[in-house]
Amino acid sequence: MANNIAEKRRQQEEDDEEEDGDLDGWGERNYADERSWEALQEDESGLLRPLDNKAMYHAQYRRRLRSLSTASNSQRIQKGLIRFLYIVLDLSRAASVMDFRPSRMAVVAKNVEAFIREFFDQNPLSQIALVIIKDGVAYSLTDLGGSPESHVKALMAKLECSGDSSLQNALELVHEYLDQIPSYGNREVLILYSALTTCDPGDIMETIQKCKKSKMRCSVIGLSAEMFICKHLCQETGGLYSVALDESHFKELIMEHAPPPPAIAEFAIANLIKMGFPQRAAEGSISICSCHKECKVGEGYICPRCKARVCELPTECRICGLTLVSSPHLARSYHHLFPITPFDEVTPSRQNEPHRRSQKTCFGCQQGLVNPGNKPSLHVTCPKCKQYFCLDCDIYIHESLHNCPGCESLRAS
């Protein structure tokens, strides 16, 4: 009798351990499985089906494209193609909060890396620098430069959270650097702020006025809640203030800062900028790099004015101060001056018109525009050449190619 009771207790303890193990496994499950009900939507018949993420992404993209096009067409806007951007990352203890999975810091680092690469793809003549805030102090992580790899590498090596955040110290540090930028460059600051407070040594309102006087455009993306001081900073300097709801929304907000913004009125004047087009250093040549003060072999470029050696382009020569760029950089900046017209969405009523039924393939990728069941899929048409394109080609043409293949084929013929 006693043996049976002891055996039952042992079996019950083993079952309890298995349940605890299952709970631990459930707790360690990939966080991507959480909130899975948000990936469902109700169709016309009342049934649940997965969200069409591709259609939603394209709808958001078209809204953004049309808003930018409307703003550009409503008035003649001069854009600053030579930008000097400081990205300020709040790495105080508020960045370790896990409302963004796995943490705010991890989400910020991941999206900043993607933003840096996208920024240099769209702004080849511009430069970025990184600043971090922790323990109530602002630190310069990288200097202004045009190499995305160096910025990303430096950022990933310093991902640690501690202490309080100080918005004033960050603005003072950035103002000290940007105040030396030439008048033809756009002075911009993008602050990714996690904390709900700022621990400042002085009057931050005076610092904001200094930034405004220096024509610095400060924008803030908050990861917690709206703060008056951040909103006031953006209103005074002409920047954008927004608060991220989730990771996808944060990515959308930060990517809105990749295209060149309108130039500040006082800077929107014509400037002739003297530039140099350096030649690549010969293979096997040994010389000292002017930017790192190191001896390098067969790498870098030679300044055409003073013959100093630099590692990357675009940059400013440390010896003679000449702005050094390459011709592909100028060519890639051209599309911001003359953006391609947004395509028109083909509605179902237009898809059934007789003269449109013959066009069943995308002019770009030659893929069919008809779904299984002979049902037309969503597609767009160029208002100039009247050619049809699928949604993927529409995004690729406007965000990467910046030329309409249909219009270019007509021009060639």
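Just so you know, glycine gets a Cβ as well, placed from its N, Cα and C.
Range with TrEMBL annotation region 'Disordered', chosen from 1-29, 30-58, is 1-29. Of the listed segments 213-230, 267-284, 303-320, TrEMBL assigns zinc finger to 303-320. In terms of DSSP helix, strand and coil, the zinc finger (303-320) has 0 helix, 4 strand, 14 coil.
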